[in-house]
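Asks: I have a structure I would like to understand better, so I am pasting it below and will then ask my questions one at a time.
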Amino acid sequence: MAAANGKHWVMLVAGSKTWDNYRHQADVCHAYQIVHQNGIPDEQIVVMMYDDIANNDHNPTPGKIINNPNGPNVYTGVPKDYTGGDVTPENFLAALKGEPKKNCLKKVLRSGRNDTIFIYLSDHGSTGLFCFPNSTLYAHDLIETIKEMARGNKFSKVHTNVYVHQLKSSPDMVLFPKHKVKDCFLLVQMVIYMESCHSGSMFTQLPNDIHVYAVTAARGDQSSYACYLDPERNTYLADEFSAFWMYYTESSNLDKVTFRDQFSYLQGNMKNSTPCCFGDETTGKNPISGFLRNTPKVIQESTKAQKLVLTHLTHAHEVSSKILDHKIETETHAGRKQVLIKKRETLHQTKAKIERTVKAISQRCLPASEVEDISGGAFRSGSRMDLLALKTVAEHFRTTCFDWHKEEFQMALSHTHVFARLCAHGVEVERIIEAITAVSSLPTEHHP
């Protein structure tokens, strides 16, 4: 928690745009209501969201956003610190460090050695990356920024006696089981929650000695899950991980529950993806109120969240196709229905084209006998990545072949694990880039 004269800083980021991605901005708006109602002043909260949902033509309740069925409007009062084209990885990292870009008067975190920082991000992601509306945040840049902040005393480094629960499921990932307890003497002063597919891959190289603790919605080889398909809005309202952590926070006495308690709750209730934690797992006796609460709040006496039932849980990679299928099923106009059907056919063709392209790239980098091993499955959470190499290769693929920030190519995100594996396999970055460039110049019919 912050020192006696310290401040609580909060940064909330929705990295997506468009109606189909409604849930990410709804998540962030809901998170704002939680920290605002718990006494964190707006001058200590930075919000980044594209802001194209509340007044979208598809919104049956203009000016309102909900995060659960028949829920309250969570858009009320949300600061518009960064919207539209200002929602970028560059602005995010600059605001995090408290260093606004030149000629930019936007709000940033003015944190110091006595302060705490809570960061929450929600959007699409893949192996070693998290998406913003038109560009990509790579794990390499995020981890380097966090380490720079630690060196620059951008948050408190208070010492206390707490407990750590460890489960050695991989060299880099730590979960909290109900045993294997040991004493520790550090108190985490930056907490990061990330909602995205493969979010576990973003923090495998987060140092465990700089007082930073990260929790992710999924392992590095897993999708996250959307929930609450709203038939009136024809979009998903929330995400599984975010719905659970926010519900727990709202229904608990934050002075009496810790981040360890919350993580145990997530482990016990999330049935589709696996929440993971990284970095300094020294949150055993660290109350959540040390990060998310400035003033007393009257709540129910119960200190344990009750059962939350989520509906329409859907693999995040399948959300757009599910929404499109629902549009086709409910469309009564024959002409418009045919347009939607054609769109679905085009997406299926594009998906196949992306798969052929990635396979062709792999074949130029490896012997034929090894290509299937590289292409199949996802990059394992415990695998060690060269984060800078992955960034270089993935960004070249995005800008040369398929820009996953465009709706029609979004499924290309699910293939970045192939490039992580190629790098881990020892293939030189230059060779992978040459293969990407060569394959991109070939007609599609020449791909295997």
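We count from 1, first residue shown onward.
From the backbone N, Cα and C atoms, a Cβ is placed for every residue, glycine too.
Sharing the feature lines straight out of TrEMBL:
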- HIS124: active site (ACT_SITE)
- CYS197: active site, nucleophile (ACT_SITE)
Asks: Rounded to a whole angstrom, what is the C-alpha distance between CYS197 (active site, nucleophile) and HIS124 (active site)?
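Replies: Cα-Cα, rounded: 6 Å.
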Asks: Using a 10 Å radius around its CB, how many other CB atoms surround CYS197 (active site, nucleophile)?
Replies: 28
Asks: List every residue in the same chain as the residue listed as 'active site', at least 6 positions away in sequence, whose Cβ is under 8 Å from its Cβ.
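Replies: Those within reach of the residue listed as 'active site', by Cβ under 8 Å and sequence separation of 6 or more, are GLY15, SER16, ASN21, PHE130, CYS131, SER196, CYS197, ALA316, TRP404, GLN410, LEU413.
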Asks: I want to verify one value. Collapsing DSSP to three states, which class is the residue listed as 'active site, nucleophile'?
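Replies: In the DSSP reduction, the residue listed as 'active site, nucleophile' maps to coil.
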